[in-house]
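Novice: The domain 'EGF-like' feature in TrEMBL is assigned to 309-352, 354-389. Taken from TrEMBL, the feature disulfide bond covers Cys357-Cys367, Cys379-Cys388.
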Amino acid sequence: RQNDCGRVQVTGEIVRENYYRINVTFIAERDPIRNAKIDGTSTVFGVMQIGLRGGIFQYTNALKALGKPAATLAFDEAFFCYRGAILTDQDKCILCESGQFHNQTSSMCEPCAQGTYQNRSGRARCQSCPVGFTTLNIGSKSVNDCVVECRPGTFLDLNTGQCQLCGYMGYQPKAGSTSCRPCPRGTVSLSKNATSLSQCIGNCPPGQQHTSDGACEPCAIGFYKSLNDVMCRPCDPSSTTEAVGSTNEKHCALPNCPKGFYLNYDFGQCLRCGYGQYQDDVGQRSCKRCPAGTTTRKFGATSSSECVSTNQCVTGEHKCHWLAACFDLPDEENRPLYSCKCQPGFVGNGFECTDVCMNLCLHGAKCIKTSRGDPKCICRSGYRGKRCEFIV
């Protein structure tokens, strides 16, 4: 009886005129199986034929649905496995292993593609790595096989686990790579993250490097490029080159002057910028002049902010005493000059001024000042002299 055989599906179809196919599908856990009637074993196929001929399965209903009676019967068998397993040549079902999936189109166990993994057996598909991650190979079995997916133009450094630029000697069009493709011999790429072979072009001659548009330009002062270099290399921080387009590190023979200095070719050494000059960059051949009407207070100025007015009397940058007058003088070798003179009624060098009457009159005399600021002592009775120093 059909109910004694678990889930059984019976379907019919017209193949061509007077030819019909009846499909009887059911689960068979083993083959051969025990046959109680003969106290032995029989194949599933043999039992199925007996059942069909004996009318155990109601296949006639399927024929009636097609509108035709059965004349002759021909039998054939085919085994199928559950999803996630494949059929062997010995008619056995085996599960697809971890790192594989069941391709139901080809009925084969196939390795998980790059960027996916499967940590369990008997699966119909693989799991994708998290966004931004991929696998290094096919057939990965664990999410731990997922690594950073480096973008095109870069590659994954397996030692550090970090993405690195391809550099000027190669390119990489694919994401998730562990190496870069080399440019053809004698060519270099225009950038460190090239993604196409078309970016590999002929190398510039020594002393020149590529611009962003592929042209060649000379190495700047302080740089050089030999035959095997791709880009211009900087000299040691303490040295520089004499001109642009240097082709060898030996050309880095001149001192690289610091800020506030300039390179003097005659002496081959760095000299300080003079008064009225400054230099705010390194490795320069001259100093910059201060704006008109300004100068510096010392040699070796490193910024334009050190340029001050040459007329300190106007700007208030002089050091005259508050009781003195400031007078601007002609500059001497770009050094600002001025003089100070105490106001009438006061004496001193201009940087220090004291009242002319201070401690001038003696014996209690009173000191007064003329309109010109000159002191005059008014002596008490019984005294005389300019300071009332004599007794009458």
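Yeah, the Cβs are placed from backbone N, Cα and C, and that goes for glycine too.
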Novice: Let me spell it out: take the domain 'EGF-like' (309-352), skip the flanking residues so only those 6+ beyond its ends count, and list any with a Cβ under 8 Å from a Cβ in it.
Specialist: 274-277, 293-297, 369, 372-373, 375
Novice: Need the DSSP three-state call for Cys367 (disulfide bond) to compare against my parser.
Specialist: strand
Novice: For the disulfide-bonded residues Cys357, Cys388, which one has the sparsest Cβ surroundings, going by other Cβ atoms within 10 Å?
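Specialist: Cys357, out of the disulfide-bonded residues Cys357, Cys388, has the fewest neighbouring Cβ atoms within 10 Å.
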Novice: Restricting to the chain of Cys367 (disulfide bond) and a gap of 6 or more, list residues whose Cβ falls under 8 Å of its Cβ, or answer none.
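Specialist: Spatial neighbours, sequence-distant, of Cys367 (disulfide bond): Val356, Cys357, Leu360, Cys361, Pro375, Lys376, Cys377, Ile378.
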Novice: Run through the Cβ atoms and count how many others sit within 10 Å of the one on Cys379 (disulfide bond).
Specialist: 20
